[in-house]
Amino acid sequence: MLIRRATDILPSEITPHSVYLNRRQFMLGSAGLLLPVASIAALPASKSGYSTAEKPNSRQDITSYNNYYEFGTGKDEPAIHAGRLKTRPWTVAVGGEAGKPHSFSIEELLKFPLEERIYRLRCVEGWSMVIPWVGFPLASLLKQVDPTSRAKYVAFETALRPGEMPGVARRVLDWPYREGLRIDEAMHPLTILAVGLYGEALPGQNGAPVRLVVPWKYGFKSIKSISRITLLEKQPPTSWNMAAPSEYGFYSNVNPAVDHPRWSQASERRIGEFLKRKTLPFNGYADQVAGLYRGMDLVKNF
Ligand SMILES: Nc1nc2c(c(=O)[nH]1)N[C@H]1C(S)=C(S)[C@@H](COP(=O)(O)O)O[C@H]1N2
Ligand SMILES: [Mo]
């Protein structure tokens, strides 16, 4: 089986198409082997003031311990199977309550000014990582489609490709994977669309070619391989909430004071560490985001 890696996928993004095709032919033609093309994969990005100073997890950790149920429910399965998803050509259709709906090609998305954002990611299962994403604010994209005054929520959908996604044969979730945010959450400067990590294109298992990252919410809100974004007047249905409404709320803000019905959320294990650490309200981003929820009962709106 051919396992596509970031170094194999990326040249088409930053190399003129003809040069890319020649290189492909050369690589495939000479020995029938795909040789990794070193250094070509860099995604130029500026540093961001929103980054944590904590030490990022290794690339190995970040790309080998994943949740991406479309490729299986085992933590190791996304790394094995996600390369089967064809990420070129790729478009993200953005519409709904928008004055100027637009279908963005991945090439258009890569033209947004990219930043490196080192964020904590807290999975609802009780583990966490620190990941150096490369991406841009979701707000930059949404502003381009001119949301109407009725746009109160944003719905996101992962591509659904049964032929390339072995995990969707099982109805673990109601596919396609769907997520949603309130418009002010979507427009918050911490909310990004990520197109890379560790300075290179996003590996398949992390949601290539483009995924959401909302660092103050449980990891499942950070939907991978997005193909559609819809501005809506009403709160959209979301996959995990539909699957188990008593366990996964729409908001899903990281909250050590609200336990999951089957386990405590008070602490977490950082991947690569032995001892647990305390989970922080809003995953440590309370100074920036607590204001979004002023006056709301966060036990009821979990
Ligand atoms: N489409 C899709 N997106 C998804 C998931 C998934 O199964 N399918 N898993 C979520 C969960 S539970 C987590 S914790 C994060 C994990 O992101 P990572 O593998 O890049 O660390 O992706 C989220 N996005
Ligand atoms: Mo998760």
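Heads up, the Cβ atoms here are built off N, Cα and C, so glycines get one too.
Any TrEMBL annotation is an automated prediction that lacks curation.
For reference, TrEMBL has these:
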{"type": "BINDING", "residues": "ASN66, TYR69, GLU70, CYS123, THR158, ASN206, ARG211, SER222, ILE223, LYS224", "note": "Mo-molybdopterin binding site"}
{"type": "DOMAIN", "residues": "86-240", "note": "domain 'Oxidoreductase molybdopterin-binding'"}
Between ASN66, THR158, which of the binding-site residues has its C-beta surrounded by the fewest other C-beta atoms within 10 Å?
ASN66
ILE223 (Mo-molybdopterin binding site) has how many other Cβ neighbours within 10 Å of its own Cβ?
24
For GLU70 (Mo-molybdopterin binding site), nearby residues of its own chain (Cβ under 8 Å, 6 or more apart in sequence):
THR158, LEU160, MET165, GLY167, VAL168, TRP175, TYR177, SER225
Around ARG211 (Mo-molybdopterin binding site), which residues of its chain at least 6 apart sit with Cβ under 8 Å of its Cβ?
LEU193, ALA194, LEU202, SER222, ILE223, LYS224, SER225, ILE226
Calculate the per-residue pLDDT averaged over the domain 'Oxidoreductase molybdopterin-binding' (86-240) and state the result as an integer.
98
Check the DSSP secondary structure of ARG211 (Mo-molybdopterin binding site), expressed as helix, strand or coil.
strand
Diameter of the Mo-molybdopterin binding set by C-alpha atoms, the set being ASN66, TYR69, GLU70, CYS123, THR158, ASN206, ARG211, SER222, ILE223, LYS224, in angstrom:
19
